[in-house]
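**Student:** Just dropping this structure here.
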Amino acid sequence: MNIRSNPDTTRPAVTTGALPSSRKMFSAPDAAPDLRVPLREILLSEGAGEPNLPVYDTSGPYTDPNVIIDVNAGLPRTRLAWVKERGGVEEYDGREIKPEDNGNVGASHAAAAFKAHHKPLRGIGDAPITQLEFARAGIITKEMIYVAERENLGRKKQLERAEAALADGEAFGASVPAFITPEFVREEIARGRAIIPSNINHAELEPMIIGRNFLVKINANIGNSAVTSSVEEEVDKMVWAIRWGADTVMDLSTGRNIHTTREWILRNSPVPIGTVPIYQALEKCDGDPVKLTWELYRDTLVEQCEQGVDYFTIHAGVRLPYIHLTADRVTGIVSRGGSIMAKWCLAHHKESFLYTHFEEICDLMRKYDVSFSLGDGLRPGSIADANDRAQFAELETLGELTQIAWKKGCQVMIEGPGHVPMHKIKINMDKQLKECGEAPFYTLGPLTTDIAPGYDHITSGIGAAMIGWFGCAMLCYVTPKEHLGLPNRDDVKTGVITYKIAAHAADLAKGHPAAQLRDDALSRARFDFRWQDQFNLGLDPDTAVAFHDETLPKDAHKVAHFCSMCGPKFCSMKITQDVRDYAATLGDNEKAALYPDTAPKANDAAGVPEPSYRDQGMKEMSARFKEMGGNVYLDAEKVKESNRVL
């Protein structure tokens, strides 16, 4: 690209280094041993008596001690060789960056341009370019092999355990396999049930897959506004979000330096990056929706395709005939993109140019393998408006557009609400599957109540867990700042952790083969009072340690058999352990303690039933209780002495 240089220097500071008691590891797929698929291994204590636990890792090179991070140079461009190896692409100069791409920002507010520049690639001819086209042609790409290995969490086949987990879950028609193979990935993509968002110009990408038959994914939104944030803050928020588990990131910048901010993010992002191109297009016409044109919008698409954006939210379902359906709503049109297009349609009294030019948009996006995220511009902004005519009219149109995009060779996912009470959530999922041919569903929450500003990460996390269980493939996080302001670094982490909980809960309910391994490992650590393992197996070790240390800060408390909730005498798990320890000392009477309902059935010579094990055990323990003083809690030395006598 030809980029005008800027004399300023931007040096974003980002968080690096491993999470507590974790190390980066890589798995090599059998089908492509040259690939290095990242995992995070949680290191358990020596006393655990079980192997370390591998978990899915979205953090990229930022947690790899063998990689020197240079944000100014960007991440390694590993995928470039994969794309060129397949052929069917050409390198070209690309469009010149224009002042309006960054909002005509003045020199005093201009951010430094990213220094490393790469000529963009684009597809040529009729040869396969997109992952969908390769899948339909029966070709398994390196991206498909990569995500198959990633979904299996580096494990080889463990079919007995996997099949038991699947049998225990309720997947509502999803077909989660016991083991993910590259061929299964190819079939799901060819069918349109899954996508691998992977622009051929995002060479820094570590591929991931979105689909209802795979792990539920989460997205984190970042981006500046006209009143706050900077390039440095947004790059830092991106790295921070993926550290805690964001599978994709959307840059929703609406202020100055939009192009430059996006370039810095893309060159340093190992996860797919999504955008809403209409936001930047609006900035190019001074924020007036009436001035928008197809030509200006198309130019913005080209700009972002060349940079490497992996998926676009395009509100092509907001049609002129549907706008009046929102007139009686409590909250009208709450989508920014939806309201922009609604105003344009009414001002010109024309059908949306996104709808009328949709096939041209497909042809353009196909050249770069940019995936569609068909936007829900008429989503409900309050539970009073959930599942109304406007929402479902748009959804039906998105189903029609999905078929067009598929015919053009483009990957597609569908965006969903919004604000939906719990009893109406499954209706949304079922209708989306029906109308959109099982294309992956990607929802914002949904929020299940409107009464909790400041806590909408919780109101939406409830709905997110439910719709993820019902079949939603990716959940867009909501932070505590939703409806109140632009999220900061802490809000981003809170939103990501909340949605990791929701996604994992959905995976558990669906019976995903590997989901419960982490739960069980943490439960064993909890019962064994392995505090450090408890902290490290959790989604947020830092917060877990901080909460524990508020009341029990000493190192000795990290090995204590109690916490500050119950104390040493009332810990249920400690009492249970004591019971087990006692049962082990009973010798022949162990069965009486563990299985009190089993008893001899024979009568004695006089016809009187023999005492049951339970009766015998109860009498013995009653006598022993009295002998030892009749106290609920006893001196440990007395108990030991009594056990020796037994």
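Placement of Cβ uses the backbone N, Cα and C atoms for every residue, glycine included.
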**Student:** Given that Swiss-Prot assigns N221, M250, H315, S335, R336, G337, D376, G377, L378, R379, E415, Y442 to the substrate site, pick the one from Y146, Y279, Y297, Y499 that the record assigns to that site as well.
**Tutor:** Y279
**Student:** Which of these binding-site residues is closest to H419 (Zn(2+) binding site) if you go by CA atoms: Y279, S335, G377, R379, Y442?
**Tutor:** R379
**Student:** Taking the Cα atoms as reference points, how far is H483 (Zn(2+) binding site) from Y442 (substrate binding site) in Å?
**Tutor:** 20
**Student:** Using DSSP, would you call G337 (substrate binding site) helix, strand or coil?
**Tutor:** helix
**Student:** Under a criterion of Cβ-Cβ distance under 8 Å and sequence separation of at least 6, what residues of the same chain contact G377 (substrate binding site)?
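**Tutor:** Once residues fewer than 6 apart are set aside, G377 (substrate binding site) is near H315, G317, V318, I333, S335, G337, G338, S339, M341, A342, E394.
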**Student:** Quick one: of R379, H483, which of the binding-site residues has the smallest count of other CB atoms within 10 A?
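**Tutor:** Checked R379, H483; of these binding-site residues, fewest Cβ neighbours within 10 Å: H483.
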**Student:** DSSP secondary structure for H419 (Zn(2+) binding site), reduced to helix/strand/coil, please.
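**Tutor:** In three-state terms, H419 (Zn(2+) binding site) counts as strand.
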**Student:** Which state, by DSSP, holds G377 (substrate binding site): helix, strand or coil?
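**Tutor:** In the DSSP reduction, G377 (substrate binding site) maps to coil.
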